[in-house]
Each structure stands twice: as C-alpha cells, then as structure tokens.
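Trainee: Take a look at what TrEMBL says about it:
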- D19, D112: Mg(2+) binding site (BINDING)
- D21: substrate binding site (BINDING)
Amino acid sequence: MTPEVYQKKIQKIKLVLFDVDGVLTDGSIYVNEASECFKVFNVKDGLGVELLRANDIKVGVISGKASPSLNNRIEQLKFDVSVTGCKNKLPSLKDICADLNVEYSEVCFVGDDVLDLPIMKVCGFSIAPNDAHEYVKEHCDYILDMNGGFGVARKVADMILLNQMKSYDKVYEPLMNKIQYGDLSGIEQ
C-alpha cells in the first residue's frame, strides 16, 4: 500500500481498537509464588490513549483473554469500549460500531495474531507490531517499526493524529490546554 492510500484511509478514522496481548503488552505473562498472573503495560500508551480521546477519537480494546491486571489497566486508561475474554472478535466489532455509530471503514484495529485477522480484514485501517505473526503482517495495511508492548498505542496515536491534523502543535493542543489550566483529569500514564 502506498503512503497516499494509507493516509487517505487514516483520514477517516474515528475509532481505534487494540488487541492487548502482543500489542499493548509484549505477550509475556508473569506468575508470582501465589500463582497470580501479571502483565506489564508500557506507560507511553496511556498518553497515546489520552491524545486520541482529546482529539475526539474513541479508543478501546478487544482481547481474547480476560485478567484482573487487564481490567485494572482498562479502568486506569478509561477506554471508551472494552471487550475481554473474546476469541471470536468480529461480532464484538459489529456491536461496538453499532453502539458508537461508526462504520467499519472508520475503525483502525491493531492486532498481532490470527485471532485478529477477521477484524483486520474488514476495518478501515489495520496495523500490526513488528513482531506480529508473519501471516498477520501479510494481511495488514501497516507494520509498525516496534514490537508489541513497547509503546504501540502511543505510536499509533501519533501516526493517526499527525496524519489527520498535519502538525504536532495541533495534535498536542487539546492536551496542553488541559495541563495549562490544571485539568489533569483523565491524563493517566
């Protein structure tokens, strides 16, 4: 896909959805002595999510797994929509789009494995981290230059917003206004 084609697709984006394991995390699961599982999230993604929302783009997750650590992160970042424990993700996309009055062509989905392909094939713009499964990389619109878990949401936010708004000043203006006037609500890293 040429840069002109993907720029045209990005212009339409009103909703960004992320898979979690392998996208917002590096796919690792840590287990402590009490057999409790933990995941590590990158703090850069928090600002990426806030930047998208501050610029009127809805943000959410559709994850094949559910976990307390994921639920905590969803709460911290105040995602607009979240579906967890969902192996068949396409029906969830259909419901989310209906609820938010968004067309598939206005959705960007970021995924890394074959469970993400049904959504990636119908959404307006699909992105994969650099370490995504090879088959996924063959079928997505854009491959990031970074692996999952290393600030993917921030990178995607900058990419979409810079394409739509043409300058970092415009991208960061809503966030800087909040900070300037002491309104730090919703700004979570």
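Cβ atoms are placed via backbone N, Cα and C, with glycine included.
Have a look at these and tell me how they're positioned relative to everything else.
Mentor: Look at D112 (Mg(2+) binding site): DSSP puts it in coil.
Taken residue by residue with DSSP, D21 (substrate binding site) is part of neither helix nor strand, so it is coil.
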Trainee: Roughly how many angstrom lie between the C-alpha atoms of D112 (Mg(2+) binding site) and D21 (substrate binding site)?
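Mentor: With the alpha carbons as reference points, the distance is 8 Å.
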Trainee: Pick from D19, D21: which of these binding-site residues has the biggest number of other Cβ atoms within 10 Å of its Cβ?
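Mentor: Most Cβ neighbours within 10 Å: D19.
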